[in-house]
Ligand SMILES: O=P(O)(O)OC[C@H]1O[C@](O)(COP(=O)(O)O)[C@@H](O)[C@@H]1O
Ligand SMILES: [Mg+2]
Ligand SMILES: [Mg+2]
């Protein structure tokens, strides 16, 4: 199937399936069309400087909104008008929007992920989750968006980088489509990506070291200790500070990403949002043979309590993610190694 256009791929996936699958394909096509508009805007960089300023407000989660965050949100929302979507929820909107009451799907979206990086020409993206719409007598969207991530029907992200790409999973494998400017559409670049079980690279914002809980500090200390430490091998470190870019790298060559809880005000549940960031990334990663947890439990099994809820996020190579859990739940992990390595934290030197 490598080399198929997104459209041909979607047709092949829905051929034997029902109306809901056809609707899902239509929604993904609409999102892809809006993403190509955003690709052009992002590509303008400083030439459209007015797009890159702060809007002066904060989004529902208290983050400063950039002009581009709002423009991207508007573009995705209008692209879904007339699509088979009942509810639309966005990082940029306090409340979900009701669209077509007859439809069976809902979309939760982070319209522009990594927007704090946009002036620095770092890859940014759009993260989305497609859920079955739950119908209630009062047309309440919340039961839909508070479903656990294991109910997602599809998830993906667009990345606007050196390549514009769509990482997509309909629940069986994770595919990567790259935008071909020659053909003017997305073309499958990787078929069923598989994250290697073992990691040699970790991604974490190490400036927060002093705010992390002990389990996270010890895990990172052990990676940093390299071949001479308990891991008995050297690790590389990367932190792009753009979730889509860090996730793309991990899907292509493995590794682990951590945005843990920490003691800073407002970070007791980490930084990333469960419904429209962690859930779709976890869905993609699990469908690529990886794992995603909140450091202890599987992300996809968490029951969201509110739309904009944050969650600690650890994802990537399966064995490495499991190891982070052991540092959190197994006291012997710390007890056994403390006499040997407890004083070796490089950041604590
Ligand atoms: O600046 P920090 O604390 O390292 O956080 C970086 C993280 O924040 C994010 O930018 C949050 O996403 P938004 O830009 O959509 O708010 C992620 O893309 C990234 O992983
Ligand atoms: Mg984001
Ligand atoms: Mg965002």
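Glycine residues also receive a Cβ, built from the backbone N, Cα and C atoms like all the rest.
Taken from TrEMBL as is:
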DOMAIN    9-188  domain 'Fructose-1-6-bisphosphatase class I N-terminal'
BINDING   91, 110, 112  Mg(2+) 1 binding site
BINDING   110, 113, 277  Mg(2+) 2 binding site
BINDING   113, 114, 115, 116, 205  substrate binding site
DOMAIN    195-328  domain 'Fructose-1-6-bisphosphatase class 1 C-terminal'
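Recorded features from TrEMBL, shown on the structure.
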residue : record                 : DSSP class
91      : Mg(2+) 1 binding site  : coil
110     : Mg(2+) 1 binding site  : strand
115     : substrate binding site : helix
205     : substrate binding site : coil
277     : Mg(2+) 2 binding site  : helix
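Screening the binding-site residues 110, 115, 277 for a C-beta under 6 A from any atom of ligand 1 leaves 110, 115. Rounded to a whole value, the Cα-Cα separation of residue 91 (Mg(2+) 1 binding site) and residue 113 (Mg(2+) 2 binding site) is 9 Å. Taken as a whole, the domain 'Fructose-1-6-bisphosphatase class 1 C-terminal' (195-328) shows an average pLDDT of 97 in this prediction. Highlighted here are the binding-site residues (110, 112, 113, 114, 205) whose C-beta falls below 6 Å from ligand 3: 110, 112, 113, in sequence order.
Between the C-alpha atoms of residue 112 (Mg(2+) 1 binding site) and residue 205 (substrate binding site), the distance comes to 20 Å. For residue 112 (Mg(2+) 1 binding site), the count of additional Cβ atoms within 10 Å of its Cβ stands at 29 [all protein chains shown]. In the vicinity of ligand 2, defined as a Cβ distance under 6 Å, none of the binding-site residues 112, 115, 116, 205 are placed.
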